[in-house]
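To keep things clear, I will list the structure first and then write my remarks on it.
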Amino acid sequence: MTPEAAYQNLLEFQRETAYLASLGALAAWDQRTMIPKKGHEHRARQMAALARLLHQRMTDPRIGEWLEKVEGSPLVQDPLSDAAVNVREWRQAYERARAIPERLAVELAQAESEAESFWEEARPRDDWRGFLPYLKRVYALTKEKAEVLFALPPAPGDPPYGELYDALLDGYEPGMRARELLPLFAELKEGLKGLLDRILGSGKRPDTSILHRPYPVEAQRRFALELLSACGYDLEAGRLDPTAHPFEIAIGPGDVRITTRYYEDFFNAGIFGTLHEMGHALYEQGLPKEHWGTPRGDAVSLGVHESQSRTWENLVGRSLGFWERFFPRAREVFASLGDVSLEDFHFAVNAVEPSLIRVEADEVTYNLHILVRLELELALFRGELSPEDLPEAWAEKYRDHLGVAPKDYKDGVMQDVHWAGGLFGYFPTYTLGNLYAAQFFQKAEAELGPLEPRFARGEFQPFLDWTRARIHAEGSRFRPRVLVERVTGEAPSARPFLAYLEKKYAALYG
């Protein structure tokens, strides 16, 4: 068999696998939005069956045979060619999948599905005791998976693993290691705590009560759809639905869905949650469609993905220019804003206050929420903490980092679905996304000029086009660190993000 024939076989086989995985994505969307209460048990079995089938395909020995034919051939001589990128990523995925026993893959998929379903019901009733056995099982299976992956060599060119947690982190942010993360977080923590102290000591406080007036859900939904359309989200290739825990999910190139969570007496959750998930969806809608089903057409990492969502939620969506454009319309849609000025509204949506809930945190304190989770995850996978001890450790770290502590489980250790879904190693990518976002935005302004005046005129396409050309179009061609360096000329750093916050909040809290 020629290298060309082997590569064609790989393309066809991997695309077929991607079609099956996209059915799993559709089932996952349904499970978190529309499924009847009595359908969860059957759905867990469906997901387990699909996981078994996908694992069998991902470990098919023919993949190894085809890869061997292609590797070292002229097809992959240029390491940045489409074929070379695909072969590089397929090889790593194949080795990782082959190392994980089918029994473990199936058990983990079923345990995660069951834990997520139970979490949906248990969180509102604050049932930590009932949820704990589900979490313990997911944690034990995830740790077993991490031990298997830790024994593998990292991808060519990536640094070696230093600890068990690295093997999980690598699955979400390829090439990132805990030893690189921790100095970034240390620099960030110092800068954030200094800024937070100055803000809290300024004596200035916005009137956030204006955000807790009546905001009818249907009006929020209509307004959210208007924002989506104006910013460039293709509503003919996606949809917006309500859910308990907002997310974006890509079913395929013409089907990228987002969800949000509405409260009748809180403006921010529904509107800024929509903008956040829209940022994720704009990335997915901007990936090269001709490469769908291959790594060349995939998002490079969760950190880069998060950079897009945080950009649209915060750097765009919480800017004064954005609301100069949309606040007049908001006053038409929401009678509650009739007596509110643009300046007071903008100050309110940028209020800074230590809080308990990560997804509702402000830009200054958000990454301290992530630091809590990172430290707890590291402790879990270093054997320094067990799942039973999480509530107490959680409260202690919240007191230390944010000066607040939860009075219950639902607003404490049970507030996120991530651990139920086995997503250990995922949380740090949120902070990496904030750092990348600030670096990308800084570079965009250097090339396009000031962006807020454009936003005030409703001109979002030039910035979206810039991100499409420099970030989205590259797919997984480059490692995240390399992509950031190529786009901005600098390695990932906390400095641009801290500079952005200092400038913005000095103007607000002066």
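Cβ coordinates are placed from backbone N, Cα and C, and glycine is handled just like the others.
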Of the residue ranges 160-164, 255-259, 425-429, 500-504, which one carries the motif 'DXRXT' annotation in Swiss-Prot?
255-259
Out of 31-35, 276-280, 406-410, which range is noted as motif 'HEXXH' by Swiss-Prot?
276-280
Taking GLU236, GLU306, GLU324 as the options, which does Swiss-Prot list with HIS276, HIS280 at the Zn(2+) site?
GLU306
Under Swiss-Prot, which of the candidate ranges 100-107, 260-267, 412-419 is annotated motif 'GXXQDXHW'?
412-419
Given the ranges 129-134, 297-302, 357-362, which one is assigned the annotation motif 'I/NRXXA/SD' in Swiss-Prot?
357-362
Output field, Zn(2+) shell: CB within 8 Å of site CB centroid, site HIS276, HIS280, GLU306 dropped:
GLU248, GLU277, GLY279, HIS305, GLN308, SER309, ARG310, TRP312, GLU313, GLY433
List the same-chain residues at least 6 positions away in sequence whose Cβ sits under 8 Å from the Cβ of HIS280 (Zn(2+) binding site), in sequence order, or say none.
GLU248, ILE258, HIS305, GLU306, GLN308, SER309
Could you say whether, by DSSP, GLU277 (active site, proton donor/acceptor) belongs to a helix, a strand or a coil region?
helix
How does the motif 'DXRXT' (255-259) divide up by DSSP, counting helix, then strand, then coil residues?
0 helix, 5 strand, 0 coil
Sequence-distant neighbours of HIS276 (Zn(2+) binding site) in its chain (C-beta under 8 A, six or more apart):
PRO246, SER309, ARG310, TRP312, GLU313
Local Cβ density at GLU306 (Zn(2+) binding site) - other Cβ atoms counted within 10 Å:
27
